[in-house]
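Asker: Pasting a structure below so you can have a look.
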Amino acid sequence: MIKKSAAILAGGKSSRMNYRNKAFLKYEEDYFIERIIKALEDYEEIIIISNNPGEYKEFGLKVFKDIYPGQGPLSGIHSALNHIKNDYCLVVACDMPFINKDVVNYLGNIKEDYEILIPKFQERLQPLCAIYKKSCKDIMEKELINNSNKLIKTCFKFSMKVVEEFPFIEKVHKKEIKNFYNINTVDEYEDLIKKKEI
């Protein structure tokens, strides 16, 4: 058991997805959110952040709303950090159907000498599959109050540990390499369903 919390950001309906809730898109018979919950099962606590908590009753998890709604993923992370019981929280977006248990467990077991542990994949930081220290919530709140809600910009206000290598990644199924892929548009989702791979 990983003595950290995990939070799934299920912000709601996306305009680029024709206002469908991406958490309830299906891939291989499971909702995206079901696949993510399974990947996070070794974390001591799993919560969901959503402004529509009634939609998630079937999963038996605690659901919390944004404290500062309408300000994007930074608001969701801030809410998660205010509600978790542990000192660290893995944050995952609900539109990442290939989140892999080995990858998130590897992140969860890295020594806690950081405020933010953030993967870098294909030259891009991945703040929506990253671990945040609970104490980050105070600076995040100041940013939200000032309507300065850019997530990456806010991340640079903290001591970040960047993870660029996953030692096991070449030895396992290629789905691990897709871990950070997210589905944003109707076309991307239709392509996913047609090809069954990315």
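Backbone N, Cα and C define each Cβ position, glycine as well.
What Swiss-Prot records for Leu9, Ala10, Gly11, Lys22, Asp66, Asp95 is GTP binding site, and it gives sequence analysis as the kind of evidence. Summarising the annotation, Swiss-Prot assigns Mg(2+) binding site to Asp95 and lists sequence analysis as the type of evidence.
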Asker: What is the biggest Cα to Cα gap, in Å, among Leu9, Ala10, Gly11, Lys22, Asp66, Asp95, the residues listed as binding GTP?
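Answerer: Largest Cα to Cα distance for the GTP-binding set is 18 Å.
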Asker: Can you tell me whether DSSP puts Leu9 (GTP binding site) in helix, strand or coil?
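Answerer: Looking at the DSSP assignment, Leu9 (GTP binding site) belongs to a strand.
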Asker: Helix, strand or coil by DSSP: which one applies to Asp66 (GTP binding site)?
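Answerer: Going by the DSSP assignment, Asp66 (GTP binding site) belongs to neither helix nor strand, so it counts as coil.
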Asker: So if I draw a 10 Å sphere around the Cβ of Ala10 (GTP binding site), how many other Cβ atoms end up inside it?
Answerer: 26
